[in-house]
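Q: One structure is given below, represented as structure tokens, and several questions about it will come after.
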Amino acid sequence: MDFLADFRPTSIHPIPTTTISVDPPGGTNTHHPGGGGGGGGHLPLPTDTFPTPDLHYLHSTHTGQTALWIIFTLFTIGLVGVLFLTLRTEKRNRFFHGASALVLTIAMLSYLAMATGLGISYIPIHNHGVKGSLHHFVRQLYWARYVDWLFTTPLLLLSLASLAGLSPASTLAVILGDIFMIVTGLFSAITPSRWASGERATWAYFGISSFAFLLIWGILFINGLKAANYRPRNTKGLFTLLAAMTFALWTAYPIVFGLSEGANKISVDAEIIAYGILDVAAKLGFTYLLLFLHSHEENGPWTLPDWWVETPQGYGPDGRGTYGSLGSRGGDRD
Ligand code: RET
């Protein structure tokens with residue numbers, strides 16, 4: 001798809017020249033008869049006008065903006081569904097519901113921001129294929145999605161790690177690696193790459209981020225599968241299915257990045273739609289598979305303790321709980 005064709009000039013505009021007359025103090029040619037003493041000769045000097053680069057904005061259109069609103073709506077409906085499922089679930093079994101509701105709320109907000117024009121910047125990119133340096137390209141970067149990913153990807157990984165029964169140390173390593181991956185990915189996206197040095201920096205950050213990506217999935221698969229062996233058969237099966245599906249989906253993110261923010265091969269609209277499909281699958285698909293397929297029979301790292309889900313009881317002076325003790329004093333006054 002050569003969407004740059006619209007922007008590519010058929011010929012480079014010639015640099016205009018003009019002549020100006022100068023009348024410097026002391027004259028321009030003291031040897032010229034009558035020239036001495038100033039005010040006499042006018043010598044035309046050829047000069048270049050200051051070259052002004054043409055700025056080309058690569059931005060989303062009505063298609064991309066409609067896609068953002070559709071995805072926002074999907075996340076909103078998905079969130080309402082999760083809240084409904086939460087109410088129907090015993091409090092101690094609401095760990096995955098809570099994590100999923102948070103993920104969907106953040107996604108909904110980030111799509112609302114992007115659809116209303118927030119969280120967007122223009123980043124200078126290379127102008128490969130366009131001769132002459134007077135054509136500068138800037139491409140819209142929807143950085144709000146990185147803020148979304150910074151919070152949602154750790155929550156998704158936390159759900160996966162808890163399902164496998166991964167140790168807290170490995171879980172922390174996976175989450176920190178993930179944060180590192182998103183932050184260096186953002187660095188890659190915001191590095192201006194009009195010149196070769198900027199492009200090198202963009203791809204260097206991309207490489208660092210991809211390395212973190214492989215590391216976190218290495219830990220998650222190797223340690224996660226080991227830990228999942230101690231879980232009942234169906235929990236291990238669900239972890240294996242979700243981890244494999246999530247890994248496959250997540251590998252598509254750097255590919256979309258490479259084609260859009262990285263090498264500028266696809267339009268901003270195509271980028272919005274591609275990331276949108278991935279986000280819906282990685283968040284809504286993941287959430288609903290997890291909530292519907294996971295059985296509540298079994299206790300595990302996801303089972304919430306009573307002190308977390310119940311109102312504290314029995315702390316009043318008469319041992320009847322905070323509200324009970326207040327109630328009894330109230331009764332005296334009656
Ligand atoms: C970037 C670019 C740099 C290289 C890599 C990336 C990976 C991003 C991933 C994002 C996953 C997001 C999800 C969001 C919603 O649920 C930052 C694109 C490796 C894996 C799952």
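Just so you know, glycine gets a Cβ as well, placed from its N, Cα and C.
No curator has checked TrEMBL annotations; they are predicted automatically.
These numbers come from a predicted model, not from an experiment.
Features from TrEMBL:
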type     : residues : note
COMPBIAS : 16-32    : compositional bias 'Low complexity'
COMPBIAS : 33-42    : compositional bias 'Gly residues'
REGION   : 16-43    : region 'Disordered'
TRANSMEM : 67-87    : transmembrane segment
TRANSMEM : 99-123   : transmembrane segment
TRANSMEM : 143-164  : transmembrane segment
TRANSMEM : 171-191  : transmembrane segment
TRANSMEM : 203-225  : transmembrane segment
TRANSMEM : 237-260  : transmembrane segment
TRANSMEM : 272-293  : transmembrane segment
Q: Do any residues of this chain, six or more beyond the ends of the transmembrane segment (237-260), have a C-beta under 8 angstroms from a C-beta of it, and if so which?
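A: The answer is 156, 160, 163-164, 185, 188-189, 206, 209-210, 213, 217, 220-221, 224-225, 228, 231, 266, 268, 270-271, 274-275, 278, 281-282, 285-286, 289-290, 293-294.
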Q: Six or more residues beyond either end and a Cβ under 8 Å away: which residues meet both conditions relative to the transmembrane segment (171-191)?
A: 121, 123, 141, 143, 146, 149-150, 153-154, 157-158, 161-162, 198, 201-203, 205-206, 208-209, 212-213, 215-216, 219-220, 257, 261-262
Q: Residues sitting near the transmembrane segment (99-123): Cβ under 8 Å, six or more positions beyond its termini, same chain?
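A: Residues packing against the transmembrane segment (99-123) from afar: 57, 65, 68-69, 71-72, 75-76, 78-79, 82-83, 86, 138-145, 147-148, 151-152, 155-156, 158-159, 189-193, 261, 272, 279, 283-284, 287, 290-291.
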Q: When you scan the chain for residues with a C-beta under 8 Å from the transmembrane segment (143-164), skipping those not six or more beyond its ends, what do you find?
A: 95-96, 99-100, 102-103, 106-107, 109-110, 113-114, 118-121, 170-171, 174-175, 178-179, 181-183, 185-186, 189-190, 216, 220, 224-225, 227-228, 231, 235, 238-239, 242-243, 246, 275, 279, 282-283, 286, 290, 294, 300-302
Q: In the same chain, who gets a Cβ under 8 Å from the transmembrane segment (203-225) while lying at least 6 residues past its ends?
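A: For the transmembrane segment (203-225), the sequence-distant neighbours (Cβ-Cβ under 8 Å, at least 6 residues beyond its ends) are 157, 160-161, 164, 166-167, 170, 173-174, 177-178, 180-182, 184-185, 187-188, 191, 239-240, 243, 247, 250, 254, 257-258, 262.
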Q: Below 8 angstroms Cβ to Cβ, which residues of this chain, lying six or more residues outside the transmembrane segment (272-293), approach it?
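A: Sequence-distant neighbours of the transmembrane segment (272-293): 60, 63-64, 67-68, 70-71, 74-75, 78, 81-82, 85, 96-97, 100, 103-104, 107, 114, 142, 145, 148, 152, 156, 159, 163, 238, 241-242, 245-246, 249-250, 252-253, 256, 259-260, 266.
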